[in-house]
Structures are given as structure tokens and as C-alpha cells.
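First up is the structure itself, then whatever we jot down about it.
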Amino acid sequence: MKKIAVLTSGGDAPGLNACIRAVVRAGHYYNCEVIGVRRGFKGLIEKQFISLTPRDVGGIIDKGGTFLLSAREDRFLEYKYRKIAANNIREEKIDGLFVIGGNGSFQGAYLLSKEFGIPIIGIPKTIDNDTYGTEYTIGFDTAVNNAVDAIDKIRDTSESHERVFVIEVMGRKSGFLALAAGISTGADVTLIPEYPFPMHVIVKSIVDALNRGKKFAIVVVAEGVASAKEIADILNEKLKPFDFGGVRYSVLGYIQRGGSPTSYDRIMASRFGVFAVEEFMRGNRDFMVALENGKILSKPLEVSFGRIKKPDLKDFELNNILTI
């Protein structure tokens, strides 16, 4: 009987519990003992291990967050603490460590493999959808829906008071979330770091809309471009000659990371989790699960390191076409 362990690391994302559930149940289906590691890499260092049965993960597929908890653990940057973690894994006789995480989590786990020979299986999750090597990461669809729901509500106020609203969404240095939310809500301007607009072009877009008789507008901005307040302040100054309700801004913040996962995230998390276990049982090691051209497959873990994943230029052009 093989023994596997699963942890969640880094920022939470909707669908983590669905993925944990899939790993645990697939593990038992293939006659593995399954260990849960609480609080991510911190739990590896402090040996926060719990046994997980199929019943332990019942009723969690619809829950946001991660019932195993997560933490950012700076100690893991130091070799001596990685060695402690590796020794704990060996003492527990764990044959494979399943890491549900993003770029940083994969790089940390990769060191366990290279320095100590710990077999690593990476399952990508982040609402930013910026993990290189996979078209999809767990949590993205729910985050987009959360952002769209909030922007739709703000639009009601924007239209009622004839205001321009600048709405900041998450994504770090990536524009996937902002672009998807912008297209889905019919935003007048969508700003992402990968395809930047000069400020005068942004102002012109809003001015053109006001000149066409429009009295309100929605600007969606990825946090990696600038703060919503900075852009709102500039627009307020530039748009003073126009008769409308002024410019306001809103930062959606952590609401995007929470809540019950969408059906799509539950399905993808389940598929990723089961595929990861099946690949492990076939003898594959040190890989990440990926979605490519609609198919789930495995890639070397290091594929995701140091490379930038960009939104499809066609989607960006689509957004621009639809904002006339």
C-alpha cells in the first residue's frame, strides 16, 4: 500500500476543498493511505499531519477556502527548514506529496524533490490563472463570477447616478481575471498589465463615450496596472468639463477569493485531483497537472518556473471591439 499526502499552499481559491476531496477519494480507490497536511509548508515543518478517509472529506465539495488551512511560510526559504520537512515526510513514510498551489508553491515543493528526493505532484490553483504551462487553474472561474456579480451591482449605481466607476480586481501582475470580468460585464475600458494603454488613450475612451451621450461608464483595472484610486483621481481631473456625476472607485478585494465554487471549478478540481492520483499510480513523479487544448495531461513541474503566461491577444482585441 502506498502512502500519499496532500496540502494546500499560498492564497486560497474556490475549489480547493473539491480538489482535496478528489485526491483523498481517488487515493483510497487505488488502495492508498492518505495524509492531510494542515497549514501547507508550515505543517510539513511542524508535522501537522492528519489521516484522511473518504468520509472525512464528505460534504466539502461546495465549500470555499480550504479545510486543511493554508499559510505562507517564509521559513521554507531556508535549507534547514526544508530538511526538517523532508525528514518529517520520510519518517511518516510518505511516497508522494500532492501540492495544490501556484507558482511559488510549486517552486518550493520542487526543492524538496531536488534536494531530498521527495516525489512531488503539483495541482495548479490560483484565481489569477497565471500558472505557466496550463490553460486553467482551480478557482479562476469562481473568481471571475464573483467579480462579475459585484461589477453588475456597481453598474446599477453607476447608471443611476451617471458616474464613471473605476473597479479594481485582483490578479497580481496578471490580467486574466480583469480581462474576463471586463468582457463579461461590457466594461467601457479594461486595463491589464500585459497590454498597457497610455493614460491619454484611457481618457479619450471615456471622453468619446461621454460625447456620444453616455452619462456613465465602467473601467475595470487589474491591480498590477495601478490602483483604482490613482486612475479615478486622474479621470476626475481630466473629465471636469463634462456634465456627469463624477468618478468613483471601488476595490473588490478578497471577496473574489471566497464563496462556494462554481460547477466548473468543482468539476475541474475533481478531474485534476483524480488525474494526479492516477498519474502517480502509473509511476509518474515530479509533475504538474495541466489543461491544454481541452485535455488534462502532466508536464514536468519546472515548466511553470520563471515564465510569464499572457492572456490571449484575441480576447484583448475582442474586448476592444466590443467597447465602441
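Each residue's number is its place along the chain shown, starting with 1.
Backbone N, Cα and C atoms are what each Cβ position is placed from, and that goes for glycine too.
Swiss-Prot has this to say about the protein:
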ACT_SITE  Asp128  active site, proton acceptor
BINDING   Gly11, Arg72, Glu73, Gly102, Asn103, Gly104, Ser105  ATP binding site
BINDING   Arg21, Ala22, Val23, Val24, Arg25, Arg155, Gly186, Ala187, Asp188, Arg212, Lys214, Lys215, Phe216  ADP binding site
BINDING   Asn103  Mg(2+) binding site
BINDING   Thr126, Ile127, Asp128, Arg163, Met170, Gly171, Arg172, Glu223, Arg248, Tyr254, Ile255, Gln256, Arg257  substrate binding site
Other than Gly11, Arg72, Glu73, Gly102, Asn103, Gly104, Ser105 themselves, what residues in this chain have Cβ atoms within 8 Å of the centroid of the ATP site's Cβ atoms? Ser9, Gly10, Gly40, Gly101, Gly108
If you count the C-beta atoms lying within 10 Å of each candidate's C-beta, which of the binding-site residues Arg21, Arg25, Arg72, Arg172, Arg257 ends up with the smallest number? Arg72
In whole Å, how far is Gly104 (ATP binding site) from Arg172 (substrate binding site) when you measure between their Cα atoms? 13
Per DSSP (three-state), Arg248 (substrate binding site) is strand
Gly102 (ATP binding site): nearby binding-site residues from Val23, Thr126, Lys214, Arg257, Cα cut-off 10 Å: Thr126
Using Cα coordinates, what distance in whole Å links Arg257 (substrate binding site) and Val23 (ADP binding site)? 22
Near the Cβ of Lys214 (ADP binding site), how many other Cβ atoms are there if near means within 10 Å? 15
I'd like the number of other C-beta atoms within 10 A of the C-beta of Phe216 (ADP binding site), please. 19
Across all protein chains shown, the recorded positions Glu73, Asp128, Asp188 give the max Cβ-within-10 Å count at Asp128
Among the binding-site residues Asn103, Ser105, the one whose Cβ has the most other Cβ atoms within 10 Å is Ser105
Comparing the Cα of Gly11 (ATP binding site) with the Cα atoms of the binding-site residues Arg21, Arg25, Thr126, Met170, Arg248, the shortest distance belongs to Thr126
Around the Cβ of Gly186 (ADP binding site), other Cβ atoms found within 10 Å total 13
